[in-house]
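Among the features that TrEMBL reports, domain 'Fluoroacetyl-CoA-specific thioesterase-like' is placed at 10-111. If you look up TrEMBL, you'll see 28, 36, 62 marked as active site. Taken from TrEMBL, the feature substrate binding site covers 55, 106. The CoA binding site annotation in TrEMBL covers 55.
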């Protein structure tokens, strides 16, 4: 299954503002957040009541720098799914240039059970 989502980066998405660098360019952590969000949204409609997905692994190659002035298009492809894990391949594109590629895994969890295991103290 393929899925595409578009993002308009803001000042808060620069490496300088995210603390991942000193330049006013699109930060790698912002690209990761866009990818995780697109993957999450791509499977949301297929989950059962009370389920959600959580990111458990990401492998990303940030191939090209870009400004925050252009739309980032994230294309995701669901490449494998088991009962509890969905694996994706992805690319992030700015102005027809691939700026990042990689894979991402999300675990399918029962929200109530998952939250009950977290120490919220």
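Cβ atoms here come from the backbone N, Cα and C positions, even for glycine.
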Candidate active-site residues 28, 36, 62, pick with smallest Cα gap to residue 106 (substrate binding site): 36
Residue from 28, 36, 55 whose C-alpha is spatially nearest that of residue 62 (active site), among the recorded positions: 28
Integer Å distance between the CA atoms belonging to residue 36 (active site) and residue 55 (substrate binding site): 7
Residue 36 (active site) and residue 28 (active site), Cα-Cα, nearest whole angstrom: 12
Among 62, 106 [recorded positions], residue with fewest other Cβ within 10 Å: 62
For residue 28 (active site), the number of other Cβ atoms found within 10 Å of its own Cβ: 17
Chain-internal residues near residue 36 (active site), provided their CB is under 8 angstroms and they sit 6+ positions away: 55, 58, 104, 106
